[in-house]
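Student: I'd like to ask some things about the structure below.
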Amino acid sequence: MEGVVSVFPSEKKKLHTTRSWNFMGFPLNVTRSTYESDIIIGMLDSGIWPESESFNDKGFGPPPTKWKGICQGSSNFTCNNKVIGARYCHSEGEVGPGEIASPRDSEGHGTHTASTAAGDVVSHASLLGVASGTARGGVPSARIAVYKICWSDGCSDADILAAFDDAIADGVDVISLSVGGWPLDYFQDSIAIGAFHSMKNGILTSNSAGNSGPRSESVLNFSPWALSVAASTIDRKFVSQVKLGNGAIYEGLSINTFDLGNTMYPIIYGGEAPNQTAGYEGISSRLCTSGSLNKTLVEGKIVLCDAATIGSGAIAAGAVGSIMQNGFFKDLASSYILPASVLRMSDGADILQYLNSASEPTATILKSIEIKDELAPAVVIFSSRGPNPLTRDILKPDLTAPGVDILAAWSGASTVTGYEGDNRFVQYNIISGTSMSCPHASGAAAYVKSFHPTWSSDAIRSALMTTAYPMNPDTNPDAEFAYGSGHINPIKATDPGLVYDAEEIDYVKFLCGQGYGTRQLQLVTGDQSACSAETNGTVWDLNYPSYTLSTKYGESITRTFQRTVTNVGSQISTYKAIIKHQQELKFRFNQVFFPSSPLGRNNLLL
């Protein structure tokens, strides 16, 4: 068919779920370019809640003249001079029950990511009093274009590709996509294909790296022409204290918006309250899963559980709260549908001992408070790790950004958790994921673009990567496979000095060198590019801002990397290469001096 480049099954992908900007050294009063208001970020996500105060267009002029998009509105959805365009893509017939056939966000994810990237400044924002402060995006003056691709059953490849095409034609400057599926070859991956087309048009695609960590080789969205973003902590964490009748106090992780008013309640161990009528024994009820607890024994009490669940089992049994034990997630807090706190296993053991020794054991759970995280930034445990599962010698993720306990705008159609039994409808919510780190990088890319509107997508990505500040390998044992080049630093990225630039032909050579034939190549490029002797390159010569070499244990190997850097700094510049390495590694670095002119290029051999 005319205009059809490739045909493959349309699979489903899924969404990867503001102190953060200040933590990055990026305050609201940072120097900004007047061009920021002409920057357009395309959000490919679950839609947007346009009435949120984060998308108020007060003080905004009309959209920039380069904008060619539309507002695919309806009777319940309109755009403004902040949210300048919106579309929804649903290629599989009618939308499902409870879905909204418009760009409106009924889930919350898209609203959260859009406000993180480019939300306006909103004072006194909080989640029901938790994390109270000023909410804002990285580029509050930038415009937002929304492309709703995700529905209750996922985000289809067909809709993802359609949204990329629309966003490119509409004139966006940066694409933010917090979505992923599973590792695929580039010519089978809708996100990689869409990102390639955006790269050809000078548009950087910022992707979430995935939430399957700390497993090795779990990183997603690893195409070398896009930015892959890991998630790390900020210097704020939320704790909820548990107070026992004997005066002991334990500190657990959770985002608890409920206030029990210091009232002490009887406490019971889930393992001692099995719903035997339904066939449960203590070995199952200790986990407090749905239906496992005896309502007669649990109702009106706080229940101690041996696992962290959303709380549906406890609340169904009439519990007023839940104390959970978890030895895995130690660096992020979650919300639950009833008062809850997640304690260390050792603390849970102490409480169980109190239960067994006190004649009338009681407890209460206090509302969450903020404490300082002295170890931040550290890559969070769920953030997907490298090495790159497809192209081992391309380092992914590229960098890390805040993705833990992020406060941002929320959909008015969704509750805090989205689970049955939760009736808390809020304007702002706190969630975690590489879905949250991705829009931080998107906002940072838009900030760089506002100072350098003519830079290519690769130049912007290079600036973000080469100016990232180093992470501590002691608190990040997976090192570069966890955080890539380091932690994003938006201000420094506006003046990187040197950039590693690339264009379509460089990636054509890379793909041909990976063994692609012309047909497979064209599935990615969407044009008449062909593989030949002239377009056969190596992965080590791709002008990438990081250097990666995979080897077998005990193997001796020698490899030459060729790079070209472009001087985007001072006209007369001197740069010095410093290589820190283990004793077993040997390096030789050759360079040619820059010509004394701006945008001079310099070939490097490593």
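Cβ from N, Cα, C; glycine included.
So TrEMBL lists these for the protein:
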- 37-484: domain 'Peptidase S8/S53' (DOMAIN)
- Asp45: active site, charge relay system (ACT_SITE)
- His109: active site, charge relay system (ACT_SITE)
- Ser435: active site, charge relay system (ACT_SITE)
- 541-586: domain 'Subtilisin-like protease fibronectin type-III' (DOMAIN)
Student: Just to verify a number: CA distance, Ser435 (active site, charge relay system) to His109 (active site, charge relay system), in angstrom, no decimals.
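Tutor: Ser435 (active site, charge relay system) and His109 (active site, charge relay system) have their Cα atoms 8 Å apart.
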Student: Do me a favour and check the Cα-Cα span between Asp45 (active site, charge relay system) and His109 (active site, charge relay system); whole Å is fine.
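Tutor: With distance taken Cα to Cα, His109 (active site, charge relay system) is 7 Å from Asp45 (active site, charge relay system).
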Student: I'd like the Cβ neighbour count for His109 (active site, charge relay system), meaning other Cβ atoms within 10 Å of its Cβ, all protein chains included.
Tutor: 27
Student: How many of the residues that make up the domain 'Subtilisin-like protease fibronectin type-III' (541-586) does DSSP mark as helix, as strand and as coil?
Tutor: 1 helix, 6 strand, 39 coil
Student: Tell me the Cβ neighbour count for Ser435 (active site, charge relay system), meaning other Cβ atoms within 10 Å of its Cβ, over all protein chains shown.
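Tutor: For Ser435 (active site, charge relay system), the count of other Cβ atoms within 10 Å is 30.
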Student: Around the C-beta of Asp45 (active site, charge relay system), how many further C-beta atoms are within 10 angstroms, looking at every protein chain?
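Tutor: Result for Asp45 (active site, charge relay system): 29 other Cβ atoms within 10 Å.
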